[in-house]
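Let me begin by presenting the structure, written as structure tokens, before commenting on it.
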Amino acid sequence: MLAPQTIHETTLSRDDMGFIAKLVYEHAGIVIREHKEAMTRGRLSRRVKALGLGSVAEYCAFLKTPGATGEIPELINAVTTNHTAFFRERHHFDHLRRDVLPKLVQERGGRRGRIRIWSSACSSGEEPYSIAAIARDVLGARHDLDFRILATDIDTDILDRAEAGIYPLELFERLPADIKPLLRLDGMAGRGEGRISDDLRRLIAFKRLNLIETWPMRGPFDVIFCRNVFIYFDTQTKAAILDRFVSLLAPGGFLYLGHSESLPQPHPQLRLIGRTIYERTP
Ligand SMILES: C[S@@+](CC[C@H](N)C(=O)[O-])C[C@H]1O[C@@H](n2cnc3c(N)ncnc32)[C@H](O)[C@@H]1O
């Protein structure tokens with residue numbers, strides 16, 4: 001363990017900022033613009049401290065050494081923006097509950113039919129647990145369906161938190177009255193914290209997946225959530241990911257984007273059918 005040192009909070013030089021932005025773009029597809037210097041420096045200071053270094057400039061110098069490849073995932077974990085919430089952008093969950101799942105149950109129930117949903121930038125888990133809560137409500141305890149949620153993110157720290165499923169109770173208390181009972185808890189995890197119930201947790205597989213690398217899954221998915229991550233990518237990255245989403249979506253399946261996101265360009269196999277809801281045409 002290195003002795004704690006004083007961190008000299010000097011501005012990231014243009015060169016260092018360019019160096020970090022290039023590394024992050026190459027490894028995660030995330031575009032960091034020059035005006036985000038203060039935010040980037042703040043986020044990197046966590047790694048500066050953890051490594052016992054004295055400044056972000058020293059951290060950049062360290063990243064340039066051949067032995068620093070193992071630090072790249074930590075760098076990515078440090079720079080990601082993980083803001084999320086239970087039932088964020090509620091209209092997607094309403095669409096899932098009213099229009100998507102009842103139809104799939106009708107089509108596939110009774111034959112152990114397969115239903116698959118992918119939360120492709122799941123952050124700390126609020127999104128996939130909200131999906132699980134809706135699915136449990138619509139599907140009940142029926143065993144004639146093979147229902148699973150895949151929840152992935154690039155950030156390994158945030159995935160650990162997602163998998164633990166432990167949240168401050170105030171997050172549940174703030175939920176609208178009609179959905180609050182759906183997000184069941186098993187009990188108290190600690191003072192002021194609750195743990196998502198096992199029956200919801202069992203529906204989800206959490207895995208690390210980088211959207212700009214190759215994906216191991218073959219699909220098809222009935223619904224893909226890709227919300228509030230395209231905003232960090234450039235047009236070229238978004239277009240390449242979108243093509244791959246389309247190839248993994250079942251015909252008639254749905255893609256949900258975040259509130260300020262849209263397709264990088266019209267896609268011949270995607271039809272906008274609602275607020276940031278796209279349907280894959282047959
Ligand atoms: C703002 S959160 C969105 C969380 C959730 N989808 C929502 O809308 O509330 C963005 C997430 O995208 C993840 N992310 C960023 N770049 C990624 C990449 N290349 N591959 C996979 N996940 C990525 C981040 O780690 C972060 O958890």
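Just so you know, glycine gets a Cβ as well, placed from its N, Cα and C.
Quick caveat, the model's predicted, so the values are computed rather than measured.
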*TrEMBL has ASN82, THR84, ARG88, GLU127, ASN210, LEU211, ARG227, ASN228 down as binding S-adenosyl-L-methionine; which of ASP16, ASP153, ASP160, ASP178 does it also list for that site?*
ASP153
*Are there any residues in the same chain, six or more apart in sequence, whose C-beta is under 8 angstroms from the C-beta of ASP153 (S-adenosyl-L-methionine binding site), and if so which?*
ALA121, CYS122, SER123, LEU159, ALA162, ARG208, LEU209
*asked:* Quick check on the binding-site residues: of ASN82, ASN228, whose CB has the lowest count of neighbouring CB atoms inside 10 Å?
replied: ASN82
*For the binding-site residues ARG88, LEU211, which Cβ has the most other Cβ atoms within 10 Å, all shown protein chains included?*
LEU211
